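Step one of this worksheet: look at the structure below.
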Amino acid sequence: MRRGSVMGVVVVLVGLVVMPLLVNGGGHDYGKALSKGLLFFEAQRSGVLPNTQRVNWRSNSGLQDGKASGVDLVGGYYDAGDNVKFGLPMAFTVTMMSWGILEYGKQMAGSGELGHALDAVKWGTDYFIKAHPQPYVLYGEVGDGNTDHYCWQRPEDMTTDRRAYRIDPEHPGSDLAAETAAAMAAASMVFRTHDPAYSGELLNHAKQLFDFADKYRGKYDSSITVAQKYYRSYSGYADELLWSAAWMYQATNEEYYLDYLGNNGDSMGGTGWAMPEFGWDVKYAGAQVLASKFLMQGKAGRHTAVFERFQQKAEYFMCSCLGKGTRNVRRTPGGLLFWQRWNNMQFITSASFLLTVYSDYLSSSSARNAITCSSSSSASPSELLSFAKSQVDYILGDNPRATSYMVGYGSTYPQQVHHRASSIVSIKVDPSFVSCRGGYNTWFGRKGSDPNLLDGALVGGPDAYDNFADERDNYEQTEPATYNNAPILGVLARLGGGSGGYNQLLPTQTSSPIVVEQKVTTSWRYNGRTYHRYSTVVTNNSGKTVTDLKLSLPKLYGPLWGLSKSGEAYAFPKWLNSLPAGKSFEFVYVQAASPIDVKVSGYTLG
C-alpha cells in the first residue's frame, strides 16, 4: 500500500560547552524497545538469510530477483507488509538508521545492540552495491505493486512479477539516485572504523550516485512509472539533492559539497520551504537540520548567511512540532502529532528524531542555548527532547487506549498486522504452497492473531482522535514499514542511554565497549614462508556482564584455539559462558599472513 507524503565532515570545535540533558526513563524499557525495533528489520529481509538470522519463522525469498535483467538483485528489504523492494523508501530507511548510529552509536553499544544495528544497515547497503552496477545505472524497484497487492502470499511463495526497474541517463531519477547516495555516504561513516575497506567502497558508490543525480535531472517516478501509485515523489528532487549534498560533505569533508549546499540552498528551496513534515519523500527539514549543524560547528564560512536561513527553517520545523509556531502540526486529544490517517507513524518517528538530534546539537553549542519560535516564545534543548520523549512514550503505550503501537512491546499491542509474512503460517511450520488468491481466502480474512509475531514492528497507528482498529484489512493503521522504525532507533538509544556527556558537534565514533587487542607472540620460517602466532585479547570495558558474544574473523586461514564456531561467527570457548565487567579472555591463531580484522558482530549486556 502507498505510504504517501502529506505533500504530494565534521571538525573539532574549540570552546564548546557540553551540557548533558538527562531523561527520566519513566516506566518504559527503551533498551528493550530498541532491541525489538532492530529485530523487525530481520523480518523484512529479502534474499538468502544468514545463519545469524534471529527471526526464525522467515526463510529465503526473492532468489531470482534481477536475473531476467542480467543483474543480481538478491537481498535488500521489503518495504512494509508487501513483497516489493522499493528503492526510494529503502534508501531513506538506511540513511536514517545510519544517522541514528552516527549520533547515538555509543548508547547502542552500551545496550549491546550496535552489532545488530550495523547488520541492519549492511543488509541494505550490500543490496545497493548490487543495484548500482554502473556509475549511471541504478535499479530502483524489484516487483510491481499492482500484481503484488493482487496476491496475499508469503515472500517464500511469491509467484508475482519480479521485474527489475532502473534509472539511467535516458531515464533519470535524481531523487532516487541522490537518496541512495545519501544512504551510502552515511553508511560509509558508520563503517569507517569497523570496516575501512567496505566504507571506502560505499563512499565511491555515493560519489558516483550524487554525480548521476545532479548531472541527469529528473523525477524517478517519471522513469519508473510503476512506482507512482505507491511512492510518488511529490516533492520533486531538489530536496534530495540538498539532503544528499549534506551527507556527502559529512562523509568526505570536501568543500565541493559544502559549496553545493551554499550555492543552491536558495534556488532549490532549502532556505525557502518551511516544511512541517519529514519523511521518505520530503527531505527539506533533514537537510535544514544538517546545515544548521554545520553552522553551529563554524563550518559555513562564506555561506554563513545562507546557512542561517537553513537554520531558520529547521527551527520552524521544531516550533511547529512543539505547537509554538505560526503553522503548527495538529495533535490528537492524547497528545500525538498527527499529519494524516494513512501511516501517520512515519512522520512521528522522523520528527522525534530531528527534535532529539537538534536538542543535542543545541546543548553542544556555545553559541545557542534555545530556539526562538516567536516574539513571545522560545524552546530550550530540554523542551525539544522532552517532547520527543512524549511521542515515543505515546507509541509505547502512554496513550488513551493504553496500547503499544510497537508489536511485541508491552502487554497490549496489535495482533492482526497488515503483513503478508506474519499473517500466514511460517513455511517452516507448514511448507504447503500458499497461492496468490488462496492467501486472501485462507489467511487475510482470518480474525485470529497473526501466527508469527512481527516483533518490533511499528504500525501506522491511531487516527486523529486516538482511535485504532486492530484489523488486518485496516492497512492505514495496522501496516508497518521500515521507514517507521528506522528513525526511532536513534531516539530509543538516546532515551535509554542518556547523553553520556557526548558533544554531538564533534566527530562521531561508534566504538564498542568490547575491545580487541592483538599482538604477535612468535614467528618462524617453514618451507620458505613466515608464520606468526597471534595472541588476541578480548576485554569487556562495559559496566555489565557480556553474554552471547559473536565475533567475525574474515580471512582466517590457519588454525585457531580458544573460540567455538557458531554458524558463520565465533563465540566464547566451551568453558566460558560470559565475560564479567572489566575481565578479558584470550584466543590464539596461526597463519602466514597479516593479523585478521577481528570484528565484534554481536553481544548481550546483562
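If you go along the chain as it appears here, the first residue is 1 and each next one adds 1.
Note that Cβ sites are derived from N, Cα and C of the backbone, with glycine treated the same way.
On a predicted model such as this, the values are computed, not experimentally measured, just so you know.
Feature list (source: TrEMBL):
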type: SIGNAL; residues: 1-25; note: signal peptide
type: ACT_SITE; residues: H418; note: active site
type: ACT_SITE; residues: D470; note: active site
type: ACT_SITE; residues: E479; note: active site
type: DOMAIN; residues: 514-594; note: domain 'Carbohydrate binding'
Inter-residue Cα distance where the pair is D470 (active site) and H418 (active site), in Å: 9
Helix, strand and coil counts within the domain 'Carbohydrate binding' (514-594) (DSSP): 0 helix, 50 strand, 31 coil
Least surrounded among the active-site residues, given as D470, E479, when other CB atoms within 10 Å are counted: D470
Whole-number mean of pLDDT values that fall within the domain 'Carbohydrate binding' (514-594): 86
D470 (active site) and E479 (active site), distance between Cα atoms, whole Å: 10
